[in-house]
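In what follows, a single structure is set out as structure tokens and then discussed.
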Amino acid sequence: MKSGIHPNYVETNVVCGCGNTFTTRSTKESGHIVVEVCSQCHPFYTGKQKILDSGGRVARFEARYGKRKAAADK
């Protein structure tokens, strides 16, 4: 590797909006990062996330327009 072209890799403190703090390594020179969500408060990691699947495109179409009778019944 060439010397002098890579940024310094230093220990960095990360502070979340929920108050959780942890230490990692980063190339950010200040050594301090503030984030809005982390693994302690993100819904995906806490299990509070709801997965909504209404059954696909056919079910969505039928819900919007309703089931119609075949053209032969008219």
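Every residue gets a Cβ built from N, Cα and C, even glycine.
Per Swiss-Prot, the features are:
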{"type": "BINDING", "residues": "C16, C18, C38, C41", "note": "Zn(2+) binding site"}
Self-check item: Cβ atoms near C38 (Zn(2+) binding site) (within 10 Å, other residues, all chains)
Solution: 17
Quiz prompt | Listed in sequence order, residues not in C16, C18, C38, C41 with Cβ within 8 Å of the centre of the Zn(2+) site Cβ atoms | solution = G17, G19, N20, V35, E36, V37, S39, Q40, H42
Practice problem: Taking the Cβ of C16 (Zn(2+) binding site) as the reference point, list residues of the same chain whose Cβ is under 8 angstroms away and which are at least six residues distant in sequence. | Solution: V35, E36, V37, C38, Q40, C41
Quiz item: Under DSSP, is C16 (Zn(2+) binding site) helix, strand or coil?
Solution: strand
Quiz item: Far apart in sequence but close in space: which same-chain residues, 6 or more away, have a Cβ under 8 Å from C18 (Zn(2+) binding site)?
Solution: V37, C38, Q40, C41
